[in-house]
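Copied over from TrEMBL, here are the features:
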- 25-132: domain 'PH' (DOMAIN)
- 34-61, K440, K442, S522, R549: substrate binding site (BINDING)
- 142-177: domain 'EF-hand' (DOMAIN)
- 178-213: domain 'EF-hand' (DOMAIN)
- S193: O-linked glycosylation site (CARBOHYD)
- H312: active site (ACT_SITE)
- H357: active site (ACT_SITE)
- 455-486: region 'Disordered' (REGION)
- 493-609: domain 'PI-PLC Y-box' (DOMAIN)
- 612-723: domain 'C2' (DOMAIN)
- I651, D653, N663: Ca(2+) 4 binding site (BINDING)
- D692, Y693, D694: Ca(2+) 5 binding site (BINDING)
Amino acid sequence: MALFNPDKSTLSKPKRLEGDADLQFLLEGGDLLKVRSSSWKKTRYLKLEPDCKTIWHESKKTFKSKQTFSLDDISAVRQGRQSEGLRKYTEEQVENRCFSIIFKGRKKNLDLIASSEEEAKQWVTSLHKLISNMNNLSRQEKAEHWIFNCLRKADKNSDDKLSQKELKDFLRMINIDLDDEYAEILFQKCDKSKSGLLSGAEIEHFYDLLTHREEVDVIYGEYAKTAGYMSADNLVEFLMTEQRERATLADAHKLIEKYEVDEKAKEKKLLSKDGFLMYLHHPESLVLKPEHKEVYQDMSQPLNHYFISSSHNTYLLEDQLKGPSSTEAYVRALVKGCRCVELDCWDGSDGEPVIYHGHTLTSKILFKDAIKAIKDYAFKTSDYPVIISLENHCSVEQQKVMAHHMSSILGSDLVTAPLGDCMPTGFPSPEELKGKFVVKGKRLNKLEATFAPEAAAEDDTDVTEEEDSNDEEEEQEEQKRKKTKKLKLAKELSDMVIYCKSVHFHGFEDAKQNLSFYEMSSFKEGKAVKLAEESANGYIHHNMDKLSRIYPAGLRTDSSNYNPVPLWNAGCQIVALNFQTPCAEMDVNQGRFVCNGKSGYILKPSFLRDGATEFDPITLTRGPWLQHKLLHVMIISAQQLPKVNKKKSSIVDPLVKTEPIENNGFNPSWNQSFQFEVYVPELALVRFVIEDYDSTSDNEFIAQYTLPFNSLQMGYRHVPLLNKNGDPLPAAGLFIHIIVLDAE
């Protein structure tokens, strides 16, 4: 138990930062100016608590009522006036004294001003170092941190001892409820001194009893055939039999060297139970194949051969009617690997175009600020191209301003001409477009005109634009009463549209005969789903030549989402979702793009790229895509699940398609097996969902993890768990066993 100090019964400082000056700076803390508006700027005292995980802030050093947040809640720390609030409510001269703490989920940023540039840098550097240190801890170390922080909180009088009542409070804190009789038995078992209080080694013994993994003991015992240890030969047998891995003695020796914690055992090339547990917890041993965490697919195929992580109305943080618009929404989407962002552009005051959901009460942001945010964060997570999807409602004059901002801010990274010296006949690849921005929008003329100047359109030419009704139930009538309007388009903006020219869809045959490869259509979800259900093979062939963008129905004013899977199955590339809304559909989207280095590009299966394909996801006609598999999953146990209700007395009753385990979110055990049939493995996704059972209403979400079927590792695996926002739960996990077999 590396983090426990039995002499003091307290959690030690982070091992890698013991005595570090930056850590000491945070522990001492200091005054900062908190900014909420131009008139609301107040001094707050911030410092790191002794647990080295929690920051609290208060208006005075008397600490009458403190507010806290965990370092786990921080998404980023940014120096300078990078947030909307600081840009809007502070002057340029304080630029170097400013920094922002950005939180995960929907929690508002914490915008701060230090007394000097040096102090601001110190805060940012120190926070970055501490967060990096925490992120680099193993899952087991994170679990220990969490448990001992809870022990600290349970020790109400800070005497480094636990009474029986404090122990019961601690158990509830970590999501387990024991009956009084069992809790007393556990307490008496650890109270060797018979003092009625646990201290020092007694607390350590209590910890060992609490975290004991009986299911791991059973697995280890089956293969530990060398004086109670696993020899290299035993480990090879385990890897080949259970983990279905090709393993040699050399591989086993490397694993022992890497994971064994007992130096004497390591010298003898033996793996202890603790070393075995370290191996099971390591990222390489988790359920997602480690090679799929990197870019492993061919990225030299044409752009339309990929599924592309895409966002709808990216600027919105909440609903579609009155919610806030924010540049931060672009940052969050891009950091999550989104590669296609949307900008709804309207005329603004002072000649500056704005972005908002037109004809609603959503707030407005400047177009240029959105482009700056996109520029700054486009390639933080992925190096592959970002598509800027323009919904253009601006006058010609402000369109020229839009073109100017994109040109000046994005510079040479903006694609303004086809790659190469001649008229292209197909899309470039993500590899060729690395680090580039591609504009999607209306264009005055054919791209071919670029290579035939005499055919170029004049400035500010009219283009016809159709407006679709959002009433999907009146699809037939809508076709009869479509309105048309004239939109004047500035040549400067038009010329920036190269590979993604927006056009209206008039049927697959029309598209095949009359449209160039770069002319693409957007489909509202109802129309797209209908095509995917009734003309799936035709849609698949359409998407071999063209790009298709799908967007949510206008009736989804709450920013809810549709199921993207049927659209991917029909070969649609840009399936745009409301990234701001936590939901099962976004979980599935995150799972689709979790592999291939989180690049935001997933190569479509060959049967969605082959011009001769007869694949139909509805009828599942026979072909090379049909690979009948049996997926056997044993749900064994879970560890340190979060509470659904933060009340101390509220304990979850978790289930995973299993029977619920009553009052135990800390270490529930199920040992239940399931079998699933999979027919098209290359398109299948697997989603593990843990819920809190409720006999009187719907079960409540606890955690989930989704990944592609072909990215599963077989054998005994831990599944990392994500919260409703898609962020990792550092200490939580699900322990499973997986076998994939060919069906007879």
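Residue positions begin at 1 at the first shown residue.
Positions of Cβ are set from backbone N, Cα and C atoms, glycine also.
Between the C-alpha atoms of D653 (Ca(2+) 4 binding site) and E58 (substrate binding site), the distance comes to 36 Å. With DSSP states grouped into helix (H, G, I), strand (E, B) and coil, the domain 'EF-hand' (142-177) comes out at 23 helix, 3 strand, 10 coil. Cα distances from K34 (substrate binding site) to the recorded positions S193, H357, N663, Y693, D694 are smallest for H357. Counting residue by residue with DSSP, the domain 'EF-hand' (178-213) contains 22 helix, 2 strand, 12 coil. Among the recorded positions S38, S193, H357, the residue whose Cα lies closest in space to that of I651 (Ca(2+) 4 binding site) is S193. Distance noted between the C-alpha atoms of D692 (Ca(2+) 5 binding site) and N663 (Ca(2+) 4 binding site) is 10 Å. Proximity of the residue listed as 'O-linked glycosylation site' to non-local residues of its own chain (separation of 6 or more, Cβ distance below 8 Å) is seen for S199, E202, given in sequence order. Just so you know, of the binding-site residues E58, D653, D692, D694, the Cβ with the fewest other Cβ atoms around it within 10 Å is the one at D694. Neighbour counts of Cβ atoms within 10 Å were compared across the binding-site residues S38, T54, N663; the minimum falls on S38. Among the recorded positions listed here, namely H312, H357, N663, Y693, D694, H357 has its C-alpha nearest to that of S38 (substrate binding site).
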